[in-house]
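Now, the feature entries from Swiss-Prot:
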ACT_SITE  Ser195  active site
ACT_SITE  His222  active site
ACT_SITE  Asp318  active site
COMPBIAS  141-158  compositional bias 'Polar residues'
DOMAIN    4-121  domain 'Response regulatory'
DOMAIN    183-376  domain 'CheB-type methylesterase'
REGION    138-174  region 'Disordered'
Amino acid sequence: MAIKVLVVDDSSFFRRRVSEIINAESRLEVIDVAVNGKEAVEKAKRLKPDVITMDIEMPVMDGISAVREIMASVPTPILMFSSLTHDGAKATLDALDAGALDFLPKKFEDIARNRDEAVSLLQQRVIQIASKRAFMRRPVASSTPVQERPQSTLNRPTTGLRREAPAQAPVSRAPVAAKFRASGKKYQLTAIGTSTGGPVALQKILTKLPANYPHPIVLIQHMPATFTAAFASRLNSLCKIQVKEAEDGDVLQAGVAYLAPGGKQMMIDGRPGAARLRIIDGGERMNYKPCVDVTFGSAAKIYADKVLSMVLTGMGADGREGARMLKSAGATIWAQDEDSCVVYGMPQAVAKAGLSTEDLPLERIAERMLVEVGLA
């Protein structure tokens, strides 16, 4: 049976092209369209589609308000279309906070010209999030900025510096009521890589960390260049730790999370205790900018076994080769479990390669981190 899709957009051209692209995939079927958020809510309740594609800026009711109403009444996987502007980024993050599962840049030229990459990406995203209808959740609870958070001064100098693994021991899966035990390892860096579903996952984790988190955190989230500054700002307003978009030459400091800028590669240079970030363009042939493998690989060279790393929800296999390098250096690698992932791609690639030691539900990752670093 085909996946039923409701297409929502106030542009007749965009509705028609998105519908044509979706219907070109035999596993998908557009069952109706809506021209504004109010109509989308009504049709979502009546038709109960498997997936909804949603514009943000629409008359009568905007996309964010529609997402909130749909999630409150008939939770459905929603894929947002967003403009590549700072305001568009903020609105998209609001939509994800309200319950949307994923987003795609709204590129009229690519859609109009039927470019293979844009067509395939849209079809794949719809199919991927359709599998998560049972996963649907209420909006993220924490949306109130932390008050009177002490601010530290960040040191920002202007310059700075395959083969499949054999089968490993079974991955440890924590029962719901299990109490975690620290491994006893000492860490100097936490590294987290993610893609689809990552903004919500990172918010859930980072908002639970205290301001005295004992070492730096590097974050690699697949995201367009115009989105990462807005995402870092949002996280910074919600978290006790500091969160910033990484800049070339940043000196890594404890209690600060550095988000890799979209469209760039983030590497670590120097030595433990005096490490700096290098932000570079990277090769055009790289599939992802930023790329989890790139940052993880550089972390392995600098910090070796002193890295606590995690691969969270996301499509594809980015992070697997970086995790392989971390594993060879003796670092700790965790993967998000399948049930709590929006897309079980990246964590699955790491787990199947025998690289992760623990398979954790999203809701307990922060708790596990605090135990592991000696704060719980």
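The backbone N, Cα and C atoms fix where each Cβ goes, and this holds for glycine too.
Taking the features listed in Swiss-Prot, we show where each one sits on the structure.
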residue : record      : Cβ neighbours (10 Å)
Ser195  : active site : 26
His222  : active site : 23
Asp318  : active site : 27
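Over the domain 'CheB-type methylesterase' (183-376), the average per-residue pLDDT in this prediction is 96.
The two recorded residues, Asp318 (active site) and Ser195 (active site), have Cα atoms 9 Å apart. Between Ser195 (active site) and His222 (active site), the C-alpha separation comes to 5 Å.
Per DSSP, the secondary structure of the domain 'Response regulatory' (4-121) breaks down as 58 helix, 26 strand, 34 coil.
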